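Marked as GTP binding site by TrEMBL: THR127, LYS128, THR129, ASP130, GLY181, SER182, SER183, GLY184, VAL185, GLY186, LYS187, SER188, THR189. Summarising the annotation, TrEMBL assigns Zn(2+) binding site to CYS263, CYS268, HIS270, CYS276. According to TrEMBL, the feature domain 'CP-type G' maps to 79-239. What TrEMBL records for 88-237 is domain 'EngC GTPase'.
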Amino acid sequence: MLNFPNDSLNTAQIIFQSHDQYQVIFADRSVHQATLAGRMQLADTLPLIGDFVSGQVYDQDKFLITTLLPRQTLLTRASNQQDQAIAANVTTVFITMSLNADFSTSRVERYLTLVWDSGATPVIVLTKTDLEPELLVQRQLELEAIAFGVPIITTTSTTPLVAREQLNAYLQPTTTAVFVGSSGVGKSTLLNILAAQQLQSTKAVRGGDDKGRHTTTARQLFYLPNGAALIDSPGIRGVGVASSTTTATAQSFPDITSLAQQCRFNDCQHEQEPGCAVQAAIANGELSAQRLADYRRLLRETEYSTMNSRQITAAKIKRMVGNKKNLRRR
Ligand SMILES: Nc1nc2c(ncn2[C@@H]2O[C@H](COP(=O)(O)OP(=O)(O)OP(=O)(O)O)[C@@H](O)[C@H]2O)c(=O)[nH]1
Ligand SMILES: [Zn+2]
C-alpha cells in the first residue's frame, strides 16, 4: 500500500490533470478517471497534481472528487503578476544542472529560494560529469560555497546504477520528488534510470548549444516500486523563480542574514551605511563581494516579481531615498 495521509478507502491522490479531467490513484495503486463534484468546481482552490482528495467511486471505476485535503507543500511559479500553483505535496526537489554548458550558481540560488518557499527540501544534482571530468572538483567547490548544507550529488548516465543509488538515498516511501532544471540537462535520463524503463523519451540535444528539446508533454505523477512518488511535467521542470518571500531568499543566504543582524540599522541595505556588518565582512575577506551582489539581485528579483512597473519604480526610489537617510543618520 502507498503511504497516504490517512487510511480511508475514499482517499485518493491526483496523478494527472488536464482542464477538468483528472486521474487519481488509490493507496492500492489502482488508477481511476475522476471529475470534480459540482460544488468543488466553484471552489477557490482546485485540486492539483500531488493533491490528496476524498470522494466516491461511481459507475464501477470512476471517482467523484468532493473534498481537497490539506496540503503539506505547494510549489508555485511566478506568471505575470500572479503566482501559479503547479504541484502540491512535493517533499523533495532535485535541482538539476549539467557541469558544463548549463552551469550557473546564481541559477541554483534562485531555485533554492523557490524550493524553500514551497516548503519542500532541495537536493542539488550535478549531471553529465562524464563530459568534462576535469571540471568536477571546481564545480563542486562552487556549489558548496552557496549550498549551505544542501546535499550535492553528482551523476552521469554512463554509470546508471551509481546514479540510481545516489538518487535513491533521497527517495523514501514518504517522498514525493520533482526534477527541475534547464532543458537538456538530463532530467528525463535520470527519471528513466530511476524507473528502469523508458517512461519519457529523451532526444539528442541540438548540435552545439547543448540545449535539449522538450520531449515530455503529459504532466503526471508516478510511483516507484519502493513507494516514492515522482512528478514529471514540462510545467514543473522549467519553473523559474516564483515571487518568493524575502524570508525564503534569506534562507538561501544564511551567511548574509546572520551578518545583517549585526548591522547598525535594521533596514541596512549593506551599501555605504555606517556600522554595516556585511560590508565589514567583505572588507576583512570573510564574505565575497560577489555573494552580496547575488543576494541583492535575487532579493530584488523576488520583490519585483510581485509588482507592476509603477510599483517597481516606486520601490527603486524608496530604496535610494532610504539609503540616503541612513547616510545622514551618522
Ligand atoms: N554525456 C552525457 N549525456 C547525457 C547525460 N544525461 C543525459 N544526457 C544526454 O543529454 C540529452 C538530454 O537529456 P534529457 O534527459 O532528455 O534532458 P531533459 O533535462 O529531460 O530535457 P527536457 O526534456 O528538454 O527538459 C540526451 O541526449 C541525453 O542522452 C550524461 O550524464 N552524460
Ligand atoms: Zn549592513
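In case you wondered, yes, glycine gets a Cβ from its N, Cα and C as well.
Predicted automatically and left uncurated, TrEMBL annotations should be read as such.
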Mean of pLDDT values spanning the domain 'EngC GTPase' (88-237): 84
Pairwise CA distance, THR127 (GTP binding site) versus CYS268 (Zn(2+) binding site), rounded so that it is a whole Å: 39
Greatest C-beta neighbour count within 10 angstroms, which of the binding-site residues THR127, SER183, THR189: THR127
CYS268 (Zn(2+) binding site) and GLY181 (GTP binding site), Cα-Cα, nearest whole angstrom: 33
Binding-site residues compared (VAL185, CYS268) - highest count of Cβ atoms within 10 Å: VAL185
LYS187 (GTP binding site) to CYS268 (Zn(2+) binding site) - Cα separation in whole Å: 40
Close-lying binding-site residues around ligand 1 among THR129, LYS187, THR189, HIS270, where CB distance stays under 6 Å: LYS187, THR189
Site of maximum Cβ density within 10 Å, from binding-site residues LYS187, HIS270: LYS187
Cα distance (Å, whole number) from CYS268 (Zn(2+) binding site) to THR189 (GTP binding site): 45
Among THR129, GLY181, THR189, the binding-site residues whose C-beta sits under 6 Å from ligand 2: none
For GTP: widest Cα to Cα gap among THR127, LYS128, THR129, ASP130, GLY181, SER182, SER183, GLY184, VAL185, GLY186, LYS187, SER188, THR189 in Å: 19
Greatest C-beta neighbour count within 10 angstroms, which of the binding-site residues GLY181, CYS276: GLY181
CYS263 (Zn(2+) binding site): secondary structure state under DSSP, collapsed to three categories: coil
Composition by DSSP (helix, strand, coil) of residues within the domain 'EngC GTPase' (88-237): 51 helix, 31 strand, 68 coil
Euclidean distance between Cα atoms of VAL185 (GTP binding site) and CYS268 (Zn(2+) binding site), Å: 39
